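The structure under discussion appears below in the form of structure tokens.
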Amino acid sequence: MKGVLFDLDGVIADTSVYHFQAWRKLIKDHFNRELPDELEVQTKGVSRADSLTAILNYLDIKVTDSEFNKMTEEKNDVFRELLASLTPANILPGISELISELKAHNVKLSLASASLNGPYILEKLELINTFDAIADPSKVAAGKPAPDIFIAAADAINLSPKECVGIEDSIAGIKAINSSGAFSVGVGNENELSEAYLLYSDTSKLSYEQINAAWKKHN
Ligand code: BG6
Ligand code: MG
């Protein structure tokens with residue numbers, strides 16, 4: 001295992017919930033409607049626009065292109081407000097330890113997040129200098145579940161996806177890792193992430209030795 005391609009929201013930090021909180025506020029303000037918990041899974045890992053499309057489809061609401069764009073901007077403003085108080089304390093359990101192990105074994109770290117806020121969040125978590133590369137989601141042709149962002153993240157550390165492991169908490173993300181050719185590690189619910197090659201219930205269980213051994217066996 002020469003590289004690890006990290007998802008951000010829900011893997012490195014507990015910022016995943018902020019996204020859905022921001023969507024909830026936006027939908028309440030605009031349409032006075034509530035979003036059910038079950039909808040969150042459809043917005044995880046996918047781009048801002050794809051998230052809003054899923055939400056509007058669920059609500060059976062149609063908006064004009066300019067309203068749509070205004071809503072994605074407004075959602076991001078709410079999300080950024082929620083991020084304002086982010087500190088290294090928001091790094092999920094086990095992640096700092098895993099990063100230290102990876103560094104000790106000369107494994108390269110690359111960010112494969114769909115979020116345009118990735119660099120800002122890594123800065124607030126004081127992890128920006130820890131990463132060897134950050135793939136730019138605005139430069140890839142298709143978002144997760146397409147493999148593009150994982151291929152770009154591997155490429156940014158001069159590796160092929162086969163030499164890498166991807167870590168994800170979303171269904172779209174696991175599908176993206178698998179079709180990129182990297183080895184997928186899921187963090188979360190077994191029913192949701194059944195396609196992951198290796199699954200952990202939460203980040204505190206992530207183990208460098210286990211992941212490396214599973215990657216080796218797979219290749
Ligand atoms: C992913 C989140 O990491 O980033 C999604 O899981 C989000 O919920 C996506 O839609 C895009 O994020 P942003 O910050 O560009 O709106
Ligand atoms: Mg995620």
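Cβ atoms here come from the backbone N, Cα and C positions, even for glycine.
Annotated features in TrEMBL:
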type	residues	note
BINDING	D7, D9, E168, D169	Mg(2+) binding site
BINDING	D7, L8, D9, W23, S51, K75, S113, A114, S115, L116, N117, K144	substrate binding site
ACT_SITE	D7	active site, nucleophile
ACT_SITE	D9	active site, proton donor/acceptor
Residue among the binding-site residues D9, E168, D169 whose Cβ has the most other Cβ atoms within 10 Å
E168
Cβ-Cβ distance under 8 Å to S51 (substrate binding site), same chain, at least six residues away:
H19, W23, Q42, T43
Express the distance between the Cα positions of S115 (substrate binding site) and D7 (Mg(2+) binding site) as a whole number of Å.
9
Compile a sequence-ordered list of residues in the same chain as D7 (Mg(2+) binding site), six or more apart from it, whose Cβ lies below 8 A from its Cβ; state 'none' when nothing qualifies.
G45, A112, S113, G166, I167, E168, D169, S170, G173
What does DSSP assign S51 (substrate binding site), in three states?
helix
Let me know the most crowded of the binding-site residues, choosing from S113, S115 and counting other Cβ atoms within 10 Å.
S113
List the other residues in this chain whose Cβ sits within 8 Å of the Cβ centroid of the Mg(2+) site residues D7, D9, E168, D169, in sequence order.
L8, G10, V11, S16, K44, G45, S113, I167, S170, G173, V187
Integer Å distance between the CA atoms belonging to N117 (substrate binding site) and D9 (Mg(2+) binding site)
10
Considering only the binding-site residues S51, S113, S115, N117, D169, which possess a Cβ situated under 6 angstroms from at least one atom of ligand 2?
D169
